[in-house]
Amino acid sequence: MQQNNSVPEFILLGLTQDPLRQKIVFVIFLIFYMGTVVGNMLIIVTIKSSRTLGSPMYFFLFYLSFADSCFSTSTAPRLIVDALSEKKIITYNECMTQVFALHLFGCMEIFVLILMAVDRYVAICKPLRYPTIMSQQVCIILIVLAWIGSLIHSTAQIILALRLPFCGPYLIDHYCCDLQPLLKLACMDTYMINLLLVSNSGAICSSSFMILIISYIVILHSLRNHSAKGKKKALSACTSHIIVVILFFGPCIFIYTRPPTTFPMDKMVAVFYTIGTPFLNPLIYTLRNAEVKNAMRKLWHGKIISENKG
């Protein structure tokens, strides 16, 4: 049997084998990906350019948008190109790189969502100490720790993937490389590796989700003591965060907290959190946030005026 040191390439089966549906997949996900990149880049540029968006919440939103763009880019371009390709070939090195990038930016998104929840908790439950606790220096340290944690997680995942011995046929029943579909191709007992996968990715997803839900329950409970205006503003911000948390963590928990059994719905579930959620995040955070919308209007209004003067 050939093992992973001699695997030249894999073949991705993609979302569908039907030619007509592949064209539909191409159009839909091209729109989704372009929307994701444009939306998140718009948020990044707005936060960097606006003086009114200097609070820790927008500091973390900047990194969430960056992680969203990179997370989607780790899978979407190949899915789009493969939709029009007769043979969806990915080399072994490209596959391992995709596994690493997927987990690096996916984990970073999880950690940033936790930091945003911490920020909301301090802002609402400890408003007098907020400037001290969430100082710029503290926020930078937290983001650096998030990057370090993400790097450790993705390195652990790639080590597991590199240890897998593969035997032909090298057909991955997915649109991207990830540990779950790769485990199905391994010519070895994958019980221990799957246990490590669940204890790593599964534990991160499940524990982070529980931490986030509990923190937002505490935040919402504490809003009873706030004024109507303050309650409305805080509730709007928290609702946006809760929507993002549920949309992202639901599919992640489904994928990473069970044995490596392939269900027909797995690929569509993965599409939802790798491409769907990064597309929806900019819409959720801009449509429900008056400060971001106003900053965007000022930014582009000023840009139009400067162009007209020029």
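Indices start at 1 and increase along the chain as displayed.
Keep in mind that glycine also has a Cβ here, set from the backbone N, Cα and C atoms.
What Swiss-Prot records for this protein:
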DISULFID  C95-C187  disulfide bond
CARBOHYD  N4  N-linked glycosylation site
TOPO_DOM  1-23  topological domain 'Extracellular'
TOPO_DOM  48-55  topological domain 'Cytoplasmic'
TOPO_DOM  78-98  topological domain 'Extracellular'
TOPO_DOM  119-137  topological domain 'Cytoplasmic'
TOPO_DOM  157-193  topological domain 'Extracellular'
TOPO_DOM  218-233  topological domain 'Cytoplasmic'
TOPO_DOM  257-267  topological domain 'Extracellular'
TOPO_DOM  288-310  topological domain 'Cytoplasmic'
TRANSMEM  24-47  transmembrane segment
TRANSMEM  56-77  transmembrane segment
TRANSMEM  99-118  transmembrane segment
TRANSMEM  138-156  transmembrane segment
TRANSMEM  194-217  transmembrane segment
TRANSMEM  234-256  transmembrane segment
TRANSMEM  268-287  transmembrane segment
Quick test of the contact rule: Cβ under 8 Å, at least six residues beyond the ends. What residues does that give for the topological domain 'Cytoplasmic' (48-55)?
62, 291-292, 294-295, 298-299
For C95 (disulfide bond), nearby residues of its own chain (Cβ under 8 Å, 6 or more apart in sequence):
F10, I172, C177, L182
Should anything in the same chain at least six residues away from the transmembrane segment (138-156) have a Cβ under 8 Å from its Cβ atoms, list it; otherwise answer none.
56, 59-60, 63, 100-101, 103-105, 107-108, 111-112, 115, 118, 196, 200-201, 204
What count of other C-beta atoms do you get within 10 angstroms of the C-beta of C187 (disulfide bond), across all chains shown?
14
If contact means at least 3 Cβ pairs within less than 8 Å, sequence distance 6 or more, would you call the transmembrane segment (268-287) and the transmembrane segment (194-217) in contact?
no
Grab the same-chain neighbours of the transmembrane segment (194-217) for me: Cβ-Cβ under 8 Å, and only residues 6 or more beyond its ends, written as numbers and ranges.
103, 107, 110-111, 113-114, 117-118, 120-121, 153, 156-157, 160, 179-180, 183, 238, 241-242, 245, 249, 252-253, 256-260
Do the transmembrane segment (99-118) and the transmembrane segment (234-256) share at least 3 Cβ pairs under 8 Å, sequence separation 6 or more?
yes
Sort out the residues at least 6 away from either end of the topological domain 'Cytoplasmic' (119-137), same chain, that have Cβ-Cβ distances under 8 Å to it, and list them.
56-57, 59-60, 215-216, 218-219, 222-223, 226, 234, 237-238, 241
Residues from the same chain, set at least six apart from the ends of the transmembrane segment (24-47), whose C-beta lies under 8 A from its own:
14-16, 53, 58-59, 61-62, 65-66, 68-69, 72-73, 76-77, 79-80, 83-84, 275-276, 278-279, 281-283, 285-286, 292, 295-296, 299
What residues elsewhere in the chain lie close to the topological domain 'Cytoplasmic' (218-233), defined as a C-beta under 8 angstroms and at least 6 residues from its ends?
117, 120-121, 124-125
Other parts of the chain folded back onto the topological domain 'Extracellular' (157-193), taken as Cβ under 8 Å at six or more residues beyond its ends:
1-4, 7, 9-15, 74-75, 78-79, 82, 90, 94-96, 98-100, 102-103, 200-201, 255-256, 260, 262, 266-267, 270-271, 274
Give me the mean pLDDT over the topological domain 'Cytoplasmic' (288-310), rounded to a whole number.
69
For the topological domain 'Cytoplasmic' (119-137), how many residues does DSSP put in helix, in strand and in coil?
16 helix, 0 strand, 3 coil
List, by number or range, the same-chain residues at least 6 past the topological domain 'Extracellular' (78-98) whose CB is under 8 A from its CB atoms?
4, 7-15, 22-23, 25-26, 29-30, 33, 158, 161-162, 172, 175-178, 182, 275
